[in-house]
Ligand code: RTP
Ligand code: MG
């Protein structure tokens, strides 16, 4: 399995509840290295651009308003098979369906306020990392 990088976002429901450290511990325990990280407050336009793939879904308004409601922590995680590994550590989108020990099982409030985002494929990971970070900010 190759070393990969993936884009992770700790969402407003989690930053608001001071869960950044506990969530980062889950990533690090799984062997994912945090090679870039910053706290930002997305504008609504930035959230709409980031989630453009979902623009026709019924939850688009709710999702983008939530993501712009309070600060988020955006980060790049690196490791063997990092894209799939991160999604394993995150758990299912709906916390009711997430496995025990996953971030969403332990911390998510609902299917919308589900604490973390993770890229879903190599192409989206590359696009999403470039959306938030310049090459200079990635410290491997
Ligand atoms: P993410 O993109 O945030 O990592 O989550 P995901 O792949 O597990 O889920 P996705 O289908 O890509 O949906 C993106 C985000 O939209 C919100 N959502 N709300 N109300 C709903 O039924 C609903 N469905 C999805 C969630 O915040 C989800 O993470
Ligand atoms: Mg997704």
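Cβ coordinates come from backbone N, Cα and C, glycine included.
According to Swiss-Prot, 11, 59, 87, 93, 114 bind ATP; the candidate from 33, 39, 104 that the record adds to this site is 104.
Comment: ATP site residues 11, 59, 87, 93, 104, 114; largest CA to CA distance 21 Å, whole number. Only 117 of the recorded positions listed as 11, 87, 104, 117 bring a Cβ under 6 Å of any atom of ligand 1; the order follows the sequence.
Take the CB of residue 104 (ATP binding site) and look out to 10 A: across all protein chains shown you find 22 other CB atoms. With a 10 A radius on its CB, residue 11 (ATP binding site) counts 25 other CB atoms from all the protein chains. Listed in sequence order, 104, 111, 114 are the same-chain residues six or more apart from residue 93 (ATP binding site) with CB atoms under 8 A from its CB.
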